[in-house]
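Here is what TrEMBL records for this protein:
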COMPBIAS  25-36  compositional bias 'Polar residues'
COMPBIAS  51-64  compositional bias 'Polar residues'
DOMAIN    380-441  domain 'MIR'
DOMAIN    452-509  domain 'MIR'
DOMAIN    515-571  domain 'MIR'
REGION    1-69  region 'Disordered'
TRANSMEM  96-117  transmembrane segment
TRANSMEM  182-204  transmembrane segment
TRANSMEM  238-257  transmembrane segment
TRANSMEM  269-289  transmembrane segment
TRANSMEM  324-347  transmembrane segment
TRANSMEM  662-681  transmembrane segment
TRANSMEM  702-719  transmembrane segment
TRANSMEM  725-746  transmembrane segment
TRANSMEM  758-778  transmembrane segment
Amino acid sequence: MESNKNKSTPRTTTRNRKTRSSSNDVSGANTSSIQNGVARKLVEEEDESLTSEPQTNGHGSSTSKESHPYPSLLEDILLTEDEEDSKKILFKKIRISFEFDIVIAALTLAAFVTRFYKLDQPHHVVFDEIHFGKHINMYIKNTFYYDAHPPLGNQLVSAVSYLAGYKGDFKFDHIGQAYKSLVPLVAMRLIPALCGTLLVPLTYSLMIELKYKQKTAAIAAFLILTDTALLTQSRFILMESMLLCFSLFGLLCVIKFSKHSTRLVSIGWWAWLTLGSISLTLAVCIKYAGLYSWYLASYIIWSDYWTRILGNRFISDRLALGHALARGIVCTVVPVTVYLAVFYAHFHILHKAGPHDTVMTSAFQASLEGGLASITKGQPLEIVHGSQVTLRYTTGKPCWLHSHAHMYPILYQDKRGSSHQQQVTCYTFKDVNNWWIVKHPDRNSITVDSPPSPIRHGDVIQLIHGMTLRALNSHDVGAPMSPQHQEVSCYVDYNISMPAQNLWRVEILNRDSVGDVWHTIRSVVRLVHTNSSQALKFSGKHLPDWGFHQYEVVTSKELNHDTVQWNVEEHRYTKQEYEDDKDRERDLVNAEMIPIKSIRLSFWSKFIELQYKMLLHESSGVSNHMYSSEPIEWPTLTRGIAYWISAEHNGQVHLLGNLVTWYSGLVSLVLYPTLLTFYLLRRRRLCYDISQSEWSQFCRSGEVFFVAYCLHYLPYYFLERTLFLHHYLTALVFKILLTASLVQHLDYLVQTKLRIRLIHFLYNLLVFVWIASILFTYKKFSVLSYGTTPLSAVDIVRLKWKDSWDFIVHKQ
């Protein structure tokens, strides 16, 4: 849908523009005659400079000055500078036109066929379908789960699965598990396959929008179509194809926006920038790797602003500021709104307790239906003297302050001496030894007074271990695993000159929201040892065998660190004196709560907590994997990933790219910066070896494709996590686009610099052989993308083009 103005030729005078405006029945104030005269003169001079032929220096190189890169910019300025003139754009007649491109239609059809062919095969759980399938089950059953990635991909697949009648009853137990007939497998794999299909026309459209030739766009789309890694990743319940689809569409919208970037009041300006922001944010909501595409889009948007708005003296400061504010608002408000909406839906749907609850804080767990909420609903709200509590480490791994009737060894492994007091640890499971009694330091009673006396911010207490009745204590003794911190223990009186130091000051860190009284679950507290002014800290280090490999607890001088934050999770009042220790232990073991009222947590509290867990804490996934790989191995396709293998034969699904395409891309990554360096050095000497338009196109290849490749590839060198080949696929797409752009550039050099027919013929023959080899490699290795073809051991050996490829052979 385009306006008549957008259909006009780029080089026109102000008079012609007025004529068009009149023919479209648009009325408004005319610009001043002085402004028209100056603008007309500048446009005419610009036309002359653009149409004049550059002079050569006798060596076949151009020596003329660079032409103006934006021939239609002055027109746009004249239209946007005047407010009345600007209003015309909104009311111009709109003309709808339809175009049919047989090339993109054929490529899209081929992509659809290859992605949807036997989509329900193999009819078994493939690779990470075991994880995403479980997430889909939890969405269907409204059960909360924790994942390090944003939830949009799971939401989309779950929605389609739900519409197809799936009830979430299939258990994704292991890779290779056969799907039951009631599982709508085609529907569950539909969204990834559809997004994988759309990658081909999106690639084609992006190249066309960047002013590349149709055959170059077709080559780029062909390379995407025939890459077996992209094909494999698009056929199963995996996230990468969705990530790529939203990223490419967002970049396409941003490129389209750049055509309207000076027309602040045009529909195209707002539509394309808004669509681009939405799509790129949806990519982030699939995986955080989508942020790299956002960085690229931001560079395009603001470099365009720098060049076309700030770099033009005909745009007033007021209008330039308006452009900056408009771009800033769209690029901020739209992404934030979309991102929050995705997580709002996530919390709204997943309102029941699930197996991942313990990763979250006690307050978060208590806000879910069932689980901890069923235990904590009847708990007293205020912590008082005589309360029996379990203290949970708030911000990190789920673990509870714990003690048991075992002592620290007299000497640690480094020959340091210990206090030989009772061990205090942090234990990652619910246990009766997690219970502590809050005691007034000046009273012997451990029961609740009548009326109860609540603990307030700044009160000093003792914490008595419920099972051993020993007080939480700390001395000036180095901790077992962290000697820079003090050891924490439960005090044992050995009748030696080491008196108890068992007083702790309660400091409520979030008292602005919960008040000065210590509350169950909601209050986040810091327990400060009064003798040393150090806070009770979770060190995160495991104790040796003598500590049963539980986590170490110490005291630390770092009072503002999140590792010193604790909260009460379970709570009951001690209302009677026990006759003996057996009665007290039996009462603690059999402690039950009566559900009365659930805890409500606001969306913002849940959102902030989940973001903290996702961004700052590692996923609970596998730390090592036999098919993991390093980023340096990806460009050369050193290793693939075994996704699935048939039990009857050697037919298998193995993530492996098109070797010819990948190595062609590797050559492009070396060739592009080499040519760029050569051209820059030559241009410093005023030797212009290529035309201005070709130079602009060559620079555009680097600004978009080469920069995008680096943005999506280099950060993985700095990530401390298990990585796989599929993390490279986004960078691979931009490497393919760079390859296609270099093919066009080399074609230009052959056509303009080498005027020998034989060389032209040889070059075309070389391109044909290159494309044929890509097609041959795709045909040969596509059996590893579908997994439906029975393969013998000999067939597998023939497919092993590199010794480092780990194919599975279990049948001869």
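Using the three backbone atoms N, Cα and C, a Cβ is placed for every residue, glycine included.
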Given the cut-off of 8 Å on Cβ pairs that are 6 or more apart in sequence, determine whether the transmembrane segment (725-746) and the transmembrane segment (96-117) share at least 3 such pairs. no
Cβ-Cβ under 8 Å with the transmembrane segment (96-117): same-chain residues at least 6 beyond its ends: 1-2, 193-194, 196-201, 204-205, 214, 217-218, 221-222, 225, 231, 234-235, 782, 786
Count, for each of 269-289, 324-347, 662-681, 702-719, the Cβ pairs lying under 8 Å from the transmembrane segment (238-257), and report the range with the highest count. 269-289
For the transmembrane segment (702-719), find every same-chain residue at least 6 residues outside the stretch whose CB is under 8 Å from a CB in it, and list them. 210, 251, 289, 292-293, 295-296, 299-300, 303, 631-632, 634, 669, 672-673, 676, 727-728, 730-731, 734-735, 737-738, 741
Taking only the residues in the domain 'MIR' (515-571), give me the average pLDDT of this model. 93
Secondary structure content of the domain 'MIR' (515-571), with strand meaning DSSP E or B: 6 helix, 28 strand, 23 coil
DSSP-wise, what's the residue breakdown of the domain 'MIR' (380-441) into helix, strand and coil? 3 helix, 30 strand, 29 coil
Counting each residue once, how many in the domain 'MIR' (452-509) are helix, strand and coil under DSSP? 0 helix, 26 strand, 32 coil
